Amino acid sequence: MQNMSSRENNHNPSPSSAAMTIREKEEYISNFNFPFCDESTKYEKVAKIGQGTFGEVFKARDKSNPKKFVAMKKVLMDNEKEGFPITALREIRILQLLKHENVVNLIEICRTKASQANRYRSTFYLVFDFCEHDLAGLLSNVNVKFSLGEIKKVMQQLLNGLYYIHSNQILHRDMKAANVLITKNGVLKLADFGLARAFSSSKNGQPNRFTNRVVTLWYRPPELLLGERNYGPPVDLWGAGCIMAEMWTRSPIMQGNSEHQQLTLISQLCGSITPLCWPGVESLELYKKMDLPPSQKRKVRERLKPYLKDPYAIDLLDKLLVLDPSKRADSDTALNHDFFWTDPMPCELANMLANHTQSMFEFLAPPRRASQMRHHSLPRPSTSALQDSGYQDRVF
Amino acid sequence: MPGWYYDKKEIRNSPSAQDALDFDTEMRYRKEGARFIIDTGSKMDLGYNTTATGVVYFHRFYMFHSFRQFPRYVTACCCLFLAGKVEETPKKCKDIIKTARGLLSDEKFATFGMDPKEEVMTLERILLQTIKFDLQVEHPYSYLIKYAKCLKGDKAKLQKMVQMAWTFVNDSLCTTLALQWEPEIIAVALMYLAGKLSKFEVLDWSGRNPRHLRWWDVFVEDVTMDLLEDICHQVLDLYSSQPTAVPDSPPPKTQSAPTPTKKSNNDQDKIETSDSSNNKAIQMTDMAPYQYQTFTTAPPPTYPSVYPAPSIPVTPHLSAPPPHISAPPPSVFPQFVNHPPPTFPPVTGAAPPFYPPAAPPPQNQRPFYQPQP
């Protein structure tokens, strides 16, 4: 430990204060060369590519390998009363666990050097492999055109990623196009595990009591909107269905501006929410409190037909956008669907993406026109839990 | 330094040792810090996993920093604070400090300085960087239960044995075992010890195949009796080392540095603890023919168990003779055993390699001490 500075000169007035004084500690912290936690200066920031509830995300270059780019996500700690945010710890723990082609790769966690300038408090960054695009950014660019085979490839990778995280007992809980990254080589990565958590079917017979204040409103499944707290992987599959439809509509298919309106939009698309099609829904907390449109017919197929002709695609969407979570297709079932096993087969995205050398992120794109499906250009709502102050607000 | 396991030489050559703190004192500090985390945790109704995680952070922290630089009770609070968040049982920092205040003398609490909360918060950043953000820690408890469910024998004795092993695991947190061996190995060793002390006879076990001489062969490979004995002794030595009349705080700097390396060459294969009187009393020889000798001279665990073992649900096969008929096919993990849900899911579908690539080899074969230049 080369940095254990010699303390021989420091007089310790009493045995109990043999530990360091504040100043010594500050010096110790700024000099200690944490062997496991590199300094963020090994990367050089290139551009800001994201801003949201989580804080800032930057694109950066690895100074030791100028061809290598990373994304650096800052851990916001400014308003933390309870130290390092529990949500960030959760995200780190989950990302360390998940290693898969279709899940964003956490390279390391970096720190700024503690110094007087930052009151001897390091800032931490989560460092990821850089992905050139996100799906929301790509879909908002009319010049980016996906063939049916390419759409299949996107959905296949997305479902593969979900299958992997779910079999590791992790729920993503924030599926949306902006959280689906795509590299320039066409590899899809699920990203932003800031709301993710581990789940088990239930602990000693007790139903889970997860928060239902998760998932961006437009992608939020009906069970969460109705107050379910004992939910599971189907919440992510609903989002997968919304994203799949968006591959053709190019904008989110249900853009509610309140939870009630979101449920109304869902009812208008998937039919009225009744105990008949969804046994047990009557016991959900908000089912009776919400005034929902009665006697709506299910119109998934007819409403989507103007956008997509492929009957297999429509059939798969019909199985994903199912009100009753227990009847919704899981990722395994979905991956076995004929959609992925009939011509045209899933096809690599790399060639198509090679035509687009500019990174496309939702953050950098002009606001998407929400033309096709009823809504005006609302600002895209971010994940429900309060905004602005990052991790802290997502403690539940 | 890729893994979190160290050999005894590395533990002896800790930052505290380099900072001129003698080994026995460091071991005492580790023990006191760990005990304090356990006591604080149990007082705050934190579960055994949370406290154990906190203790492991604590031991790891002092593989990079000296006890002279970082007073142990502040570090202990910080480790418990972080472990609470990581294990999804968060406690407010001020509540932890309040509880700590109640457990510590004025003199000890003085190490928290003028602003104890600030002290803990600042330390948390140092702790996180030190432990490489490796937040997920596994403990022997879950393995203990898993193994117990596979053993066949007298039900009441099995329960008693598991309780005793559980207590040993609690107490093992006060040693540096978590820095030396994987939780699976510690669980096997302490169950073996408890089996001997409680005279529990393992008649058979599920998942047995003809190559298996001992029940743990189902779960861990290449564990020698020497290794098991060494682990058992490290725990048993806790019960024999008396509280000494040394001051609570680091000895003055003027004290001459200990010379761990001088001693080490002779110590080659011995258990290194402050008190090795037990080593003579307990003759644990390699005992292939009689796997469950008991030794009567060993002292029973005396420390009160803060975290009692949960009762083992009696799986049908435990009471159902004859074992030969009901014995399952020789799969490693018989399907009818209800494994407790893992605290955190496995990384992949496939079983992870038992020894992480960088971990020490599974036997005591590595040299404890490199030859001195």
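Each residue, glycine too, has its Cβ placed from N, Cα and C.
According to TrEMBL, the ATP binding site annotation covers A:LYS73. In the three-state DSSP assignment, the secondary structure recorded for A:LYS73 (ATP binding site) is strand.
The compositional bias 'Polar residues' annotation in TrEMBL covers A:380-390.
Taken from TrEMBL, the feature domain 'Protein kinase' applies to A:43-340.
The region 'Disordered' annotation in TrEMBL covers A:372-396.
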(message) If I take every residue in the domain 'Protein kinase' (A:43-340) and average their pLDDT values, what number comes out?
(response) 92
(message) Validating a neighbour-count step here. Other CB atoms within 10 A of the CB of A:LYS73 (ATP binding site): how many?
(response) 25
